[in-house]
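Here's the structure we're looking at; comments come further down.
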Amino acid sequence: MQKSASASSLGPGGLDLSQIFFKPVQNTSPPSPTKRHTKISVIGTGNVGMAIAQTILTQDLADELALVDAIPDKLRGEMLDLQHAAAFLPRTKILASTDYSVTVGSDLCIVTAGARQIAGESRLNLLQRNVAMFQGIIPPLAQYSPDMILMIVSNPVDVLTYVAWKLSGFPSNRVIGSGTNLDSSRFRFLIADHLDVNAQDVQAYIVGEHGDSSVALWSSISVGGVPVLSFLEKQQIPYEKDTLEKIHKAVVESAYEVISLKGYTSWAIGYSAANLARSILRDQRKIHPVSVLANGFYGIGDGDVFLSLPAQLGRGGVLGVTNVHLTDEEAQRLRNSAKTISEVQSQLGL
């Protein structure tokens, strides 16, 4: 299944009207060879995948958007629904197919597909089913777009980013997971809410696993350039560690709350993934807490493990990891988080 037929062929006998509707301009030169044509592919058109696709379109991040899913009718319906909004959006060519060849030449592939947990199913069994699914997804993506950046959104994102890295054969800088980019946004929102400031003026990171063992980097939080904890100490303003822990707990539990209320999360992860896509494709070189190959950073060793660290992103993918100062407690918690992920990976047999 490909895109719907172009309306330019509605003339008699299938005549291409685009050739007669416009009068050619004389003495033209070809387009500049330096002009980039940007293509993004989204794999999986569930609630998360479509929220990402919709955000990519409204933010004008791609010249071409390819959608892939295993359910052809739903996939075509989603494609047509987006195409029908063409008059309200920046011009983007939208394709859809159950065949991965539609992704050929992508600059960025975003994978949201994943198996749903069955009642009573263990997390390990669910993970193994997702690994089996990735074995049918990642190799063809790598085949059709060997130079692309691969972004994993499917959960558990850290382990599946590792799986995607192994299956793709790509260098580690070109495989990232959405990681704690969204967790950090939630963190910034809660801090901003406490202080009654704009969340964009809050710099704060959640690192480690996208999950229960994540680590809040309280020591490096700043608001408007002012380090929060050291400011409170200098002003001799007491604060309770329990209060900080409650904020972090609220971050960890926030996704569960949204799921319990509306059945799934979609909009926030859509904005988060588009935010990462912008930094990568526009070579913004911004710092994002995303899941990267963590070996050698902050004392993390003992095998290959992907988890979230503050990383600089650009056209080459992961350009580097920021040397954020961690307290001894934060560093130990980060290493414990890496150990938690590594133990899960060891059960996969990859």
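Placed from the backbone N, Cα and C atoms, the Cβ positions cover glycine too.
As given in TrEMBL:
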- HIS210: active site, proton acceptor (ACT_SITE)
- GLY44, THR45, GLY46, ASN47, VAL48, GLY49, ASP69, ASN130, VAL153, SER154, ASN155: NAD(+) binding site (BINDING)
- 38-177: domain 'Lactate/malate dehydrogenase N-terminal' (DOMAIN)
- 180-342: domain 'Lactate/malate dehydrogenase C-terminal' (DOMAIN)
Cβ contacts of GLY44 (NAD(+) binding site) (under 8 Å, same chain, 6 or more positions away): VAL68, ASP69, VAL111, THR112, ALA113, GLY114, SER154
Max pairwise CA distance, angstrom, over record-listed NAD(+) binders GLY44, THR45, GLY46, ASN47, VAL48, GLY49, ASP69, ASN130, VAL153, SER154, ASN155: 17
Helix, strand and coil totals (DSSP H, G, I; E, B; other) for the domain 'Lactate/malate dehydrogenase N-terminal' (38-177): 68 helix, 26 strand, 46 coil
Distance from the residue listed as 'active site, proton acceptor' back to ASN155 (NAD(+) binding site), taken between C-alpha atoms, in Å: 9
Residues that sit under 8 angstroms from the residue listed as 'active site, proton acceptor' by C-beta distance, when 6+ apart in the chain: ASN155, PRO156, VAL157, ASP158, GLY177, SER178, GLY179, THR180, ASP183, SER291, SER308
Neighbouring C-beta atoms (10 Å sphere around the C-beta of ASN155 (NAD(+) binding site)): 20
Overall pLDDT for the domain 'Lactate/malate dehydrogenase C-terminal' (180-342), taken as the rounded mean: 88
Other CB atoms, at most 10 A from the CB of VAL48 (NAD(+) binding site): 25
